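Structure first, commentary second.
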Amino acid sequence: MNWRTIIYVVLLVSLTGAKALPRTSRDVEGKTSIGQHFSQLHENNFKAIALIMFAQYVPGGTFGRAAGMAERVTALARSCAAAARDSPDCLKPLDRIFFDTICQEKNLPRIADCCAKEDSERNDCFLSLKNFSQGFIPPLERPDAEAACRNYSQHQQPLTAYFTYEVSREHPFLPAPTILSVSLRYEEMMKRCCGGAEGPSQHLEECFRTQAPKVVKPVRENALKQEHTCGILKKFGERTLKALKLTQISQKFPKADFVTVHKLVMDVADMHKDCCRGDTLECMRDREDILQYVCSNQHILSSKIQQCCEQPLLQRSECIVHMENDDKPADLSPHIREFIEDKGICERFAQEKDTHLARFLYEYSRRHPEFSAQMLLRIGKGYEDLLQECCKPGAPSGCCSRGEEELRKHIYETESVMRTSCDIYNEKGDYYFQNELLMSFTKKMPQLTSAELIKFTKEMTTIGSKCCQLGQEKLLPCAEENLDLVLGEICRRHMADPINPGVCHCCSSSYAFRRPCIGKLEVDESYVPLALTPGLFAFHGDLCTTEEEKLQHRKQEMLITLLKYKPQISPEQLGSVTAAFSAMRERCCGEANPEACFLKKGPELIERSEKMLSA
């Protein structure tokens, strides 16, 4: 059985009535043994799941040891399925069997303490090893084309299994279905580039250059989204995550009633809790249950789900996540004045605060697919603050009516920020738009390295190219929700290595207001500017490169250094220094010996620039 078949059968069995690989509690209640799992999945499929499990739980191991453990668990499962189903080993919960197998291994790094614990404590200990492993594994790289094809022709299945192992250990929190999906893309790339019986593609290097991003990019994107969601849960708590999912699900399924949406929100939040803990088995089961519920209730949720539920199981979950929002019900009123004008709102707010706010967020979100989820959360927070103020004893009778004016003001401000950013992007293009962002963020966060500042602003520029071409009804969700991912990266960077007090405040105070908070940051007054040392501004012959991308990168590094040296530089001063630099570069790059020219003219430029900046 080939790897593609393994992947499809794994998901087919796990998503249907067999309910493969259930939670520990369900194992006990349903008495589903390892032998039954083996019979449901068959040997190769069972082994594929086992390999992912061992790769994710033993980050310091090797492929050989993970494959060996997978073989031993598979051998036990085979014997339990064949005859020994009443043996005590065969009746153990599946997660206990996996951890027992790990603990039988000798000289595995950092597992001795976990193996000394029992059951749930041991599980938690192994989950902590997953946390430790992040940043420990070197990232995936594009393979050497000829060597990869030689290996593929000789060891097709082991090579794909090894790739699966590498992805699993590099991303220990990535759900198994996502990893299996990536493995399928990897096999498709190897088949396309290395060929079948007729031999490799004529243009191997070119084939891998174009196909590898299709394999690696989804890994990075899914890992980033997973890390982002887990970061929200960890920093802002379950209530914020549920509110976020409530807005997103209400927008996607505006015809669904509140009870159905609320159930999905609770189930999705529970899934993320298990996935963010790194509990592979429970994460898989939660995902399976949600998919089954959604596809079994299409008539309640959306007619657009059908095309996703008819797809191969591997693509089903991804299809539902990326499907267009359903159309709003034809009879849906444009306003929800009952949440402002109803005389009983204060009583309901006092008696069932979270439910009342959730209903408001549900009703408002399903009416406004043109708003971002983060903006809807800000509107929800504004409504909560309004009720807290207007439901106080002695509040004026028209208190709640001022909320509409504040709402209009916030919507206008948010849309104006996005329109202005897109106007700048459309006027300046990628490179100069990124430079604008570099000037802003270097002043806000001068503690970041040049590489970090260029990376983050490059991601923001990509958002501009992606979203600014969209119509008004899609601009805000595209721009703010993608920007939220980048700001999440910055905030996780801050949690790992604090940046400055301003960033700390924005990253910690409110998830919904994180983007406007960071947007309002100005020059970091706590930052001590760089001292002007002889090596601070170094000009060399690499400035004469004809490769535009390399030259732009070099210029951006120098811009960042200048801003870290003079954070309070005015636009006029920056223009003067930039013009002087461009003139020097043009002159030196026209010389027979550019390096000697830069060696002479560089210090002169620094001296003149220092006088301009001191004026």
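Placement of Cβ uses the backbone N, Cα and C atoms for every residue, glycine included.
Predicted automatically and left uncurated, TrEMBL annotations should be read as such.
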In TrEMBL, CYS193 is paired in a disulfide bond with which of CYS207, CYS230?
CYS207
Which of the listed binding-site residues (ASP279, GLU282, ASP289) has the least company, meaning the fewest other Cβ atoms within 10 Å of its Cβ?
ASP289
Starting from each candidate's C-beta and looking 10 angstroms out, tell me which of the disulfide-bonded residues CYS90, CYS103 has the most other C-beta atoms.
CYS90
Calculate the distance in Å between the alpha carbons (Cα) of CYS276 (disulfide bond) and CYS283 (disulfide bond), and round it to a whole number.
9
With an 8 Å cut-off on Cβ-Cβ distance and a minimum sequence separation of at least 6, pull the same-chain contacts of CYS597 (disulfide bond), or say none.
ARG587, CYS588, GLU591
Rounded Cα distance in angstrom between CYS207 (disulfide bond) and ASP279 (Ca(2+) 2 binding site) is 37
Considering every residue in the domain 'Albumin' (22-216), what is the mean pLDDT value?
78
